[in-house]
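**Student:** Feature annotation from Swiss-Prot assigns region 'Disordered' to 126-165, 177-198, 284-320. What Swiss-Prot records for 136-152 is compositional bias 'Basic residues'. Annotated compositional bias 'Basic and acidic residues' per Swiss-Prot: 156-165, in sequence order. What Swiss-Prot lists as compositional bias 'Polar residues' is 177-187. Per Swiss-Prot, compositional bias 'Low complexity' is recorded for 189-198, 284-294, 303-320. The Zn(2+) 1 binding site annotation in Swiss-Prot covers CYS362, CYS364, HIS386, CYS389 and is backed by similarity to another entry. The Zn(2+) 2 binding site annotation in Swiss-Prot covers CYS375, CYS380, CYS402, CYS405 and is backed by similarity to another entry.
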Amino acid sequence: MLYLEDYLEMIEQLPMDLRDRFTEMREMDLQVQNAMDQLEQRVGEFFMNAKKNKPEWREEQMASIKKDYFKALEDADEKVQLANQIYDLVDRHLRKLDQELAKFKMELEADNAGITEILERRSLELDTPSQPVNNHHVHSHSLGEKRKHNPSSHHSTTDHVSEKKFKSEALLSTLTSDASKENTAGCRNNLSSSSTNNVYNVNASQPLTSYNISSLSTGAGAGAITMAAAQAVQATAQMKEGRRTSSLKASYEAFKNNDFQLGISLSRDSATYSSSALASTLTQTLTSSATTDSRSGRKSKSNNKSASQQSSSSSSSSSLSSCSSSSALAHELSHQQTAAIPESDTNSQVDWTYDPNEPRYCICNQVSYGEMVGCDNQDCPIEWFHYGCVGLSEAPKGKWYCPQCTAAMKRRGSRHK
């Protein structure tokens, strides 16, 4: 499930393209404005000197002014066309994002029915601003007294920073615990007594920096959420150096920049399910420096699911049948299977309803879907092509021209000879 990495790679050049086009658009706008100012000045001089000159001079000046006005109008029309091209470019990437989201949602629903609704509802709850809970009793003082540097105020500031850091790190644990409450309430009483129970009592006076993600225990129903997070980090670590650095940085910034106010106590019983193997896998993946290509790391879901279900059924009681899907997903991460089986084309296709007004691309005259490649010829009438329609299986190196433009360039070359 590398839809995020693929989409980030696709829009990597988008900011530069937009910046170049906006710069060109701004230059054209300045050119039109300067032309209009000069024309207004010429019109004023024309009316001032019209009575003094002959009719032939007036006709000549009038024709020259009209010609310059039409040229300014053409420049303005070109600027509007450039703005429309920018709009189409952004709209094409937005539609691609919607398609990738639909594919990812269908994969999640195939593994755990109803999990996307829980994730979306939890995301809305976290996005809703809540009243911050003040766990540190800081006395109110005047503005001048607040600026004084004393040990007590310094200690409060340090505790607040540590608490903020702890809240961002505990986001994954809170997501999985709440999702397991809503989705797998009936599974908790059926787990065998051999599972590990961990109780966490967090106090504000304790050093919060000792919090370790490897000690987290999550509910059985939250296996899909934890699996998705671990797979994202794992796939990022398996990417090439350039993409891995940017993706990991984006993942860390997403956790650090979100200050979620967790006013509730984090002391809760685990759902009698041990995820130490999963947490250790996540920790090892964060520090790994594997440089294998991310596209070759996709596993076959059917083989992984069957193998993990067999191993989990041998070590669990028969009452785990209702929770076998989540436990199998968690067990899958702990074994790190190395066999990579490409997905079939039928699994990658999504039943997507297209807008009849959506632009058409490629030689097949269809809408944008899947992987597409752009022709480097600026005058290409089609511009974007599907990989399969032009016989490509991966991104071409260097400049690439479509079959029509290639044939046209060959014809022009033969004429010059």
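Using N, Cα and C of the backbone, Cβ positions are placed for all residues, glycine too.
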**Student:** C-alpha of CYS402 (Zn(2+) 2 binding site) to C-alpha of CYS389 (Zn(2+) 1 binding site): distance in Å?
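**Tutor:** Rounded to the nearest whole number, the Cα-Cα distance is 10 Å.
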**Student:** How many neighbouring Cβ atoms, not counting its own, are there within 10 Å of the Cβ of CYS405 (Zn(2+) 2 binding site)?
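**Tutor:** Excluding its own Cβ, the number within 10 Å is 17.
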**Student:** Could you tally the C-beta atoms, other than its own, that fall within 10 angstroms of the C-beta of HIS386 (Zn(2+) 1 binding site)?
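**Tutor:** The answer is 18 other Cβ atoms.
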**Student:** Cβ within 8 Å of the Zn(2+) 1 site centroid (CYS362, CYS364, HIS386, CYS389 excluded): which residues?
**Tutor:** TYR361, ILE363, GLN366, PHE385, GLY388, VAL390
**Student:** Measuring CA to CA, name the entry from the binding-site residues CYS362, CYS364, HIS386, CYS389 that ends up nearest CYS405 (Zn(2+) 2 binding site).
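**Tutor:** Given the candidates CYS362, CYS364, HIS386, CYS389, the nearest one is CYS362.
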**Student:** Provide, as an integer number of angstrom, the distance between the C-alpha atoms of CYS375 (Zn(2+) 2 binding site) and HIS386 (Zn(2+) 1 binding site).
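**Tutor:** A Cα-Cα distance of 11 Å.
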**Student:** Can you check which residues sit near CYS362 (Zn(2+) 1 binding site), meaning Cβ under 8 Å from its Cβ, same chain, 6 or more apart in sequence, and list them in order?
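**Tutor:** The answer is MET372, ILE382, TRP384, PHE385, HIS386, CYS389, VAL390.
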**Student:** For the Zn(2+) 2 site (CYS375, CYS380, CYS402, CYS405), what does the 8 A shell look like? I mean other same-chain residues with CB within 8 A of the CB centroid.
**Tutor:** ASP376, ASN377, ILE382, GLU383, PHE385, TYR401, PRO403, GLN404, THR406
**Student:** Could you measure between CYS380 (Zn(2+) 2 binding site) and CYS364 (Zn(2+) 1 binding site) for me? Cα positions, answer in whole angstrom.
**Tutor:** 15
**Student:** Any same-chain residues 6+ apart from CYS364 (Zn(2+) 1 binding site) with CB under 8 Å of its CB? Would you list them in sequence order, or say none?
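**Tutor:** Expected: HIS386, CYS389.
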**Student:** Looking only at DSSP and grouping its letters into three states, which state does HIS386 (Zn(2+) 1 binding site) belong to?
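**Tutor:** Its secondary structure by DSSP: strand.
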**Student:** Please report the DSSP secondary structure of CYS405 (Zn(2+) 2 binding site), reduced to three states.
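**Tutor:** Assignment for CYS405 (Zn(2+) 2 binding site) reads helix.
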